[in-house]
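Trainee: The feature ATP binding site is assigned by TrEMBL to Glu35, Pro36, Asn37, His41, Ile42, Gly43, His44, Ala45, Lys46, Ser47, Thr231, Arg261, Leu262. According to TrEMBL, the domain 'Glutamyl/glutaminyl-tRNA synthetase class Ib catalytic' annotation covers 27-321. Residues or ranges marked as domain 'Glutamyl/glutaminyl-tRNA synthetase class Ib anti-codon binding' in TrEMBL: 341-441. Among the features that TrEMBL reports, motif ''HIGH' region' is placed at 34-44. Positions annotated as motif ''KMSKS' region' by TrEMBL: 268-272.
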Amino acid sequence: MSTETTSAPNFIRNQIREEIEAGRTGKIVTRFPPEPNGFLHIGHAKSICLNFGLAEQFGGDCHLRFDDTNPAKEEQAYIDAIKEDVSWLGFEWAGEVRFASDYFDQLYAWAQHLIREGKAYVDDLSPDEIREYRGTLTEPGRPSPYRERSPEENLELLERMRVGEVAEGEKVLRAKIDMASPNINLRDPILYRVRHAHHHQTGDKWKIYPSYDFTHGQSDAIEGVTHSICTLEFEDHRPLYEWFLENLPVPAKPRQIEFARLNLNYTLTSKRKLKLLVDEGIVDGWDDPRLPTISGMRRRGYTPASIRKFCEMIGVTRADGGLVDIAMLYHAIRSDLEDNAPRAMAVLKPLKVVLTNVPEGHEETYEVPGHPARDDMPVRKIPFTRELYIDQDDFMEEPPKKFFRLAPGKEVRLRNSYVIRCDEVIKDDAGEIRELRCSVDFDTLGKNPEGRKVKGVIHWVSAEHGVPMEVRLYDNLFLEEQPDRDKDADFLEHLNPESLVVCQAIGEPSLAEVAPESRFQFERVGYFCADRHACRDGKRVFNRTVSLKDSWAKVQKKAAQNQDAQKKGGA
Ligand code: ATP
Ligand code: MG
């Protein structure tokens with residue numbers, strides 16, 4: 001049975017509900033604004049679920065808008081992957097996909113507008129000088145010597161920048177706000193930089209590109225976004241966001257609301273660091289099943305529903321700095337697969353068993369439910385023969401007391417079949433166990449042997465009918481909870497050398513032909529997903545999505561028990 005999970009608080013949802021009930025907001029419009037400079041990760045999933053979820057819940061629209069102001073780092077491949085990820089999660093954006101670059105003409109006109117109003121100027125200071133003039137948190141900045149240029153001169157210089165007559169780094173356009181502002185973002189922020197770069201959407205049209213700050217809020221305004229939801233690091237940018245909306249003839253006044261970003265333990269949620277793992281070949285591309293990218297999670301076997309459920313479980317707050325336990329994510333997928341994944345038997349580390357009292361050529365077939373609680377899943381046919389495989393871990397030559405599996409002279413039940421006893425252990429010259437000779441008690445099919453207690457049940461596969469397959473056991477990519485906590489150290493030092501272990505396994509015949517991305521519980525082993533690439537090429541490769549043990553549910557149960565005990569103690 002799966003553990004029920006309730007959703008955590010979401011202050012933005014509550015706030016919007018109040019606004020709607022009080023009639024202060026009509027139809028809401030949100031947006032998800034990725035920069036196409038990498039693949040999306042679980043942190044983005046939180047933002048996607050929030051923005052699209054609000055639109056769904058309150059009958060509004062959510063736009064997908066690429067924040068594409070930095071052509072040097074952006075690529076069409078990232079755009080395609082991001083669209084696929086959002087759709088795969090089950091969300092639909094309103095209208096066409098949008099690009100901030102669609103608004104470059106309008107933004108340029110607004111830059112000219114600011115110049116005419118005396119609120120922007122072209123600056124010839126170098127990037128280093130600009131930094132130096134900007135001051136610090138404790139010291140005010142100083143005005144640039146170019147700050148008082150006339151509007152006419154500024155308009156002409158900006159135009160020269162635009163057409164490519166100015167070299168990169170030679171001039172920038174800045175807003176003229178307040179060099180002494182306690183908020184550094186208001187100390188004449190940069191609006192345009194010269195960049196002679198080819199852009200994936202606008203080609204070679206532009207030789208200047210607007211800054212994030214000059215683009216974001218105005219794009220929101222152009223699109224009629226009502227709630228511009230972003231992560232807390234933009235809180236200090238909000239006064240600037242609002243300054244642009246106040247000083248430009250924008251068609252709407254969106255409101256920026258910040259929330260805490262998601263940080264997950266034992267992994268990284270930074271595109272830059274994930275890109276490093278990909279570029280260095282430490283993982284197998286952006287959709288390596290160990291990465292917290294949406295495409296990696298998909299390849300690992302996560303369902304869209306499980307990711308959405310996880311995002312609901314973590315809630316939305318403004319409390320920054322917390323690490324979410326990855327066990328919670330594992331819990332979300334595990335409970336989904338528990339209810340929905342058909343069962344199968346697969347032996348990861350095969351050990352041959354010969355049943356000496358079963359004649360050669362003997363065969364019987366068991367019909368077994370696809371899922372213990374779901375009669376809509378097809379029945380599996382399990383053949384039983386003289387030779388079979390069990391898992392090496394289910395046998396011990398010298399077992400400790402509580403080992404309820406197979407050992408010399410001991411009995412165990414083969415799942416869905418007979419009780420067997422181990423009579424002999426066959427070893428090779430090196431002393432390695434090669435094979436077990438066992439005998440079947442034919443009186444035990446579907447019932448307990450009289451007078452004897454057989455506690456253990458193990459899984460197995462017929463040697464004759466089993467299918468060879470590759471099984472990839474994935475584990476956390478890092479051994480440290482917060483691999484990048486120490487900013488000066490190299491997070492690669494904390495890589496888990498056993499984050500991927502490959503097994504040559506044997507599965508029951510129902511696994512012979514599986515569709516890419518079909519998911520299974522391998523009984524007693526864990527949840528697995530047919531690799532979406534390899535299985536399309538006719539290979540049989542399964543990725544472990546998650547193990548069976550639910551540490552998060554256990555922690556929750558314990559916490560609940562403690563609370564109960566406290567209540568009782570207090571009463
Ligand atoms: P990264 O830090 O990984 O490079 P980013 O913020 O630069 O991510 P964007 O493409 O700009 O990536 O992000 C798109 C949206 O996703 C933004 O609104 C951003 O605030 C949000 N987002 C990014 N990371 C997280 C996170 N860890 N938790 C919640 N939201 C996030
Ligand atoms: Mg960003």
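Backbone N, Cα and C atoms are what each Cβ position is placed from, and that goes for glycine too.
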Trainee: Could you list, ordered by sequence, which of these binding-site residues: Glu35, Lys46, Leu262, have a Cβ under 6 Å from ligand 2?
Mentor: Glu35
Trainee: Can you work out which residues elsewhere in the same chain, 6+ from the ends of the motif ''HIGH' region' (34-44), have a Cβ less than 8 Å from its Cβ atoms?
Mentor: 66-70, 73-76, 78-79, 81-82, 85-86, 200, 261-264, 267, 269, 271-272, 274-275, 286-287, 291-297, 307, 310, 329
Trainee: How would DSSP class Thr231 (ATP binding site) in three states?
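Mentor: Going by the DSSP assignment, Thr231 (ATP binding site) falls within a strand, counted as strand.
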Trainee: List the residues of the same chain that sit at least 6 positions away from Ile42 (ATP binding site) in sequence and have their Cβ under 8 Å from its Cβ, in sequence order, or write 'none'.
Mentor: Leu262, Leu264, Thr267, Thr269, Pro292, Thr293, Ile294, Met297, Ile307, Phe310, Leu329
Trainee: Return the members of Glu35, Ile42, His44, Lys46, Thr231 (the binding-site residues) with CB less than 6 angstroms from at least one atom of ligand 1, or none.
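Mentor: With ligand 1 as the reference and 6 Å as the Cβ limit, the list reads Glu35, His44, Lys46, Thr231.
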Trainee: Around His44 (ATP binding site), which residues of its chain at least 6 apart sit with Cβ under 8 Å of its Cβ?
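Mentor: When sequence neighbours closer than 6 are ignored, His44 (ATP binding site) has Phe32, Pro34, Asp85, Ile294 within Cβ distance under 8 Å.
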Trainee: Give me the mean pLDDT over the motif ''HIGH' region' (34-44), rounded to a whole number.
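Mentor: Average per-residue pLDDT within the motif ''HIGH' region' (34-44): 98.
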Trainee: What are the non-local neighbours of Thr231 (ATP binding site), defined as same-chain residues 6+ apart in sequence with CB under 8 A from its CB?
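Mentor: Same-chain residues close to Thr231 (ATP binding site) (Cβ under 8 Å, separated by 6 or more) are Ser47, Glu258, Phe259, Ala260, Arg261.
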Trainee: What whole-number distance in angstrom separates the two most remote CA atoms of the ATP-binding residues Glu35, Pro36, Asn37, His41, Ile42, Gly43, His44, Ala45, Lys46, Ser47, Thr231, Arg261, Leu262?
Mentor: 20
Trainee: Check Glu35 (ATP binding site) against DSSP and tell me helix, strand or coil, would you?
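Mentor: Where Glu35 (ATP binding site) sits, the three-state DSSP reduction gives coil.
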